[in-house]
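Q: Starting off with a structure, shown below.
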Amino acid sequence: MATTAHPALPLLIVLACAGAASGFYLPGVAPADFRKNDLLAVKVNQLSSIKTQLPYSYYSLPFCRPDTIVNSAENLGQVLRGDRIENSPYVFEMMEPKLCQIACKVVLTEQGAKDIMEKIHDEYRVNMILDNLPMVVPIERLDRDAPPFYQQGVHVGVKGHYAGSNEFKYFIHNHYSFLVKYNKDAQTDLARIVAFEVKPFSLKHEFDGDWKGNATRLKTCNTQSEHLIVNSDGPEEVKANKEIIFTYDVNFEESSIQWSSRWDTYLRTPDDHWFSIVNSLTTVLFLSVMVAMIMLRTLYRDISKYNQLEDQEEAQEESGWKLLHGDVFRPPANADLLCVYVGTGVQFFGMLLVTLLIAILGLLSPSNRGGFMTAMILLWVFMGLLAGYSIARLHKMFGGLEWEKVAIKTVLVFPGVVFVIFFALNRLLWGVKSSGAVPFTTMLALVFLWLGISMPLIFVGSYLGFRKPAIQGPVRTNKIPRLIPQQPWYMNPAVSVLVGGILPFGAVFMELFFILTTIWMHQFYYIFGFLFLVFVILIVTCAEITIVLCYFQLCSEDYQWWWRSYLTPGSSALYLFLYAAFYFFTKLQITKAVSGVLYFGYMLIAAYAFFVLTGTIGFYACFWFTRLIYSSVKID
């Protein structure tokens, strides 16, 4: 099929998928309409840093606090991401500018000053939310004609030194200049918020007379002048036992941006994203041509020749894959473990496929924080039914009778390993008091989803699968195993497995770069049309490289293909992990040991999941291929 496809077809598919990602985008929440003087409540999220990857609660630092701190409703994905969304003392009135409003006055303790200086040193950012829009800092580009770059979150402060001194000091951003952009309906006077920007300042405030709370008159603020901040002696240095006054002002600006496109500021496709798609398509095109040549030429010739042999004596003189008909479907060693990993891969494949389809329809938009992760976890749980069904079918085909043992292994092996790693990493987060640490109650909820829902579904699927008739091979298996001849070095299992993983990884590594950047640089990933296309390319690449190497193996009269068909594409997980290590040392600036352990721990889980996914795709492709070719020849 690949040899006859129209040359413009790949491009049309790309455009269709990319269009689906934007054309069906649903913002995730209903728009909120505001009238003049309506209250706008600003919420605060975690303190985040790309240098440490350890999120902390906003109120872990001595910032201004409301009378009562209220946590917003969180879904499972938000908790696992470390989001802690809470109310704040910053409250605006719609379309009512305010100048130099006093939020509070804080006296820093020794510990408080130390915590702020540590967060400034680690380049932590304050994250706020207004009407579900993250706060951004506009940064002008060198090219004046280009639109500004928007940095998500504002730094807690800056590190610098006074003129004539080489000693570094820490200065806190204690004044925020907010800008709220809105789109107004001329007929109804209702407005919708379309942007939330801020510019931070570090100012050493002074005031006249006694402190009177919000009514205090600041010397450093003159609301009558064009320049809001005047007569400041310099930035606000962080010192123990020092008073810091937090202030803010807010302005409103009408904008032509529509509410439906207000997220475009955050969601801009990199220009080199197209290169990743072209790279992946080139890889799969090369493999498709190679497989087509094998299937249409070599394999067809082999089958025709075998079927034209006149007698048994002439057949015995032949060599090649037909001679393995009595052994090719012999059950492999550790058949139960293979069933477990194949079933786990089916579960992961189903979860990923459905999640991507939902995301393409726009139902998992970035505005729905934690929605993508929540959907993945719930779908993983319910896909246990497919996992159980597939393991029971394979187990029965291999002649097994104890489907219950295989089912319990499926429940424990992959999820158990992931849970142990995740729990160990969570203990590290608890140790550093990070808000990214999953609470104990959430851990219990995860265990309930695992053992209370997923496990019964796996058993139900196994029961249903085992009741089905056993899958019969196209040829009978001999009682005595055939001897495998000496293999050339390039057909050594280790060599062929490692070589086979290169192309599947090569098909996705460019997209992997964007995904890693999204996760570890705290950006939004939304191009699910591209991701789905790369996922399809990965499926085709894994299937084709496994079929090619499986054919070469059978031609060398080696019938032990079961495990190798799984490990060949599965070895791409090794290259994924090695690339993650390369990315860590070349792109990230992580210096803390705890952060490094977290990074490699999470990437180990990702590589393990990639292993079971690609391995399962290769296994079923090879299983289909062997059944196809051995059902095409005449066996006496």
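Placement of Cβ uses the backbone N, Cα and C atoms for every residue, glycine included.
Note that the structure is predicted; figures quoted are calculated from it, not measured.
Copied straight from TrEMBL:
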SIGNAL    1-23  signal peptide
TRANSMEM  274-296  transmembrane segment
TRANSMEM  338-364  transmembrane segment
TRANSMEM  370-394  transmembrane segment
TRANSMEM  406-425  transmembrane segment
TRANSMEM  445-466  transmembrane segment
TRANSMEM  495-520  transmembrane segment
TRANSMEM  526-554  transmembrane segment
TRANSMEM  566-585  transmembrane segment
TRANSMEM  597-625  transmembrane segment
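Situate these features within the shown structure.
A: Using a Cβ-Cβ cut-off under 8 Å and counting only residues 6 or more beyond its ends in the same chain, the transmembrane segment (338-364) has close neighbours at 17, 20-21, 24-26, 28, 332, 371-372, 375-376, 379-380, 383-384, 386-388, 390-391, 394-395, 398, 400, 406, 409-410, 413-414, 458, 528-529, 531-532, 535, 562-563, 566, 609, 612-613, 615-617, 619-620.
Non-local neighbours of the transmembrane segment (370-394) in the same chain are 28, 74-81, 83, 335, 338-340, 342-344, 346-348, 350-352, 354-355, 358-359, 364, 403, 406-407, 410, 446, 449-450, 453-455, 457-466, 468, 471; each lies 6+ residues outside the stretch with a CB under 8 Å from one of its CB atoms.
Using a Cβ-Cβ cut-off under 8 Å and counting only residues 6 or more beyond its ends in the same chain, the transmembrane segment (445-466) has close neighbours at 76, 343, 377-378, 380-382, 384-393, 395-396, 403-404, 406-407, 410-411, 415, 419, 438.
Outside the transmembrane segment (495-520) by six or more residues, the chain places 50, 53, 270, 273, 275-276, 279-280, 283-284, 287, 489, 527, 530-531, 534, 537-538, 541-542, 545-546, 549, 552-553, 564, 567-576, 579-580, 583, 587-588, 599, 614, 618 with a CB less than 8 A from a CB of the stretch.
Tertiary neighbourhood of the transmembrane segment (566-585): same-chain residues 338, 341-342, 493, 496-498, 500-502, 504-505, 509, 512-513, 516, 520, 541-542, 545-546, 549-550, 596, 599-600, 603-604, 606-608, 610-612, 614-619, selected by CB-CB distance under 8 Å and a gap of 6+ residues from either end.
Within its own chain, the transmembrane segment (597-625) has Cβ neighbours under 8 Å at 53-54, 338, 341-342, 344-346, 348-349, 352, 414, 417-418, 421-422, 424-425, 428-429, 500-501, 504, 520, 538-539, 542-547, 550-551, 561-562, 565-570, 572-574, 576-577, 580-581, 584, 588, 590, counting only residues six or more beyond its boundaries.
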Q: Report, as numbers and ranges, every residue of the chain located at least six residues beyond the transmembrane segment (406-425) whose Cβ falls under 8 Å of a Cβ in that stretch; write 'none' if there are none.
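A: Cβ under 8 Å, 6 or more out: 336-337, 339-341, 343-344, 387-388, 391-392, 395, 400, 443, 446-447, 450-451, 454-455, 458-459, 462, 597-598, 601-602, 604-605, 608-609, 612.
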